[in-house]
Amino acid sequence: MSEQQAETKSIRTQTERTEQREHSTPLFMTSSFVFDSAEHARALFAREVDGNVYSRYSNPNTNEFVEKMCRLEGAEDGVSTASGMSAIFSSLAALLEQGDHILACRSLFGSSHQILNEILPKWGIDYSYGNIDQPEQWEQYIQDNTKVLFLETPSNPGLDLIDLEWAGELAEAHNLILIVDNCFATPYLQKPIEYGTDIVLHSATKFIDGQGRGIGGVIVGKEEYIEDISFFCRHSGPALSPFNAWMFSKSLETLPVRMDRHCDNALALAQFLEEQSTVEWVKYPFLPSHPQYKLAQKQMKKGGGVVAFNIEGGYDAAKQFLDKLNTLSLSANLGDTRTIATHPASTTHSKLTEEERAVVNITPGMVRIAVGLEAIEDIQQDIDQALH
Ligand SMILES: *Cc1c(COP(=O)(O)O)cnc(C)c1O
């Protein structure tokens, strides 16, 4: 049988029907499962047979969600977690030991920085950051004890890209475990495993849920690493609730159609913004003016749902713009049906110093738009009136 397309996998990956013959997967809201016999219980605990025991370990809803994500990313195995951050922390904590070192891109999600800078050093795990626009310098940060290469592409909120093929080769040459946070692109737009990535992880809170309802995470990748991460999660307990897993699995059924619309709206908005006289620059991976436009077309199917732009007049002008918006929401989330405007320098990236922000291209006048699924005319109209 030929490999199914993403649209089909996201709809037709489904847990076995119960005797009720339901069409859509039901919610299995149960903390534990019963054994057929004392012998069955023994065999389950000895892991001689497959089956659910306790929902901290597995549940039909989390199993379906993980299996769907594995098929979409092209991964061998996976595990779901209570949040994107627990996916990141559990992966690093499971794979690293005291004395190990992580090389990461500087433009990471804010809480990922806190894990690297503040939490892992408590257990003697060190880090270095490479700048996203200086890949030629990264090799010199690799030490004898470097074990993980940790990346995010496209970056948030700068929308710069890392060449995944280059990263895969770098990791291979230095025997590093390559971990990619694929939250911005989703497996519909970008499949890091095709370029040699070992572990792909997500905040399911964003485009996977897609409707701004729940928090969750997922980790997929090579079996040898997932085995260690699963062990860590089973016993330390960042389990995803069956309800959220059920919701995310339902959401994945519409991931391709939603992403198409997010991307089409975002490209149209980026083109519209480029024509505005009070907008100094616009950044979007599928705009021909993006410095890495060719790379974007190579490793991404479309440009994603996030656009960044800089307003003439700096922070004051950005503030005025945000306060004039009517339809758009002021919030820090992304990947929602509702279009969201964010001022990174004063909110999501306010903990960075001015110099650190400059390195990752977060200017005082930068606004991030997480483009939703409303009619593009209405999104543009609201932005147009707020700009003038
Ligand atoms: C939101 C986000 C996270 C954290 O996920 P939570 O579900 O909020 O814990 C990690 N990485 C990226 C790129 C994100 O956007």
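For all residues, glycine too, the Cβ spot is worked out from N, Cα and C.
It should be emphasised that the depicted structure is a prediction, and the values quoted were computed from it without experimental measurement.
With a cut-off of 8 Å between Cβ atoms, the residues of this chain six or more beyond the compositional bias 'Polar residues' (1-13) that come close are 64, 67-68, 71-72, 187-188, 252-257. Residues or ranges marked as compositional bias 'Polar residues' in TrEMBL: 1-13.
The region 'Disordered' feature in TrEMBL is assigned to 1-23.
Residues or ranges marked as compositional bias 'Basic and acidic residues' in TrEMBL: 14-23. Outside the compositional bias 'Basic and acidic residues' (14-23) by six or more residues, the chain places 60-61, 63-64 with a CB less than 8 A from a CB of the stretch.
Annotated N6-(pyridoxal phosphate)lysine per TrEMBL: Lys206, in sequence order. Within 10 Å of the Cβ of Lys206 (N6-(pyridoxal phosphate)lysine) there are 21 other Cβ atoms, across all protein chains.
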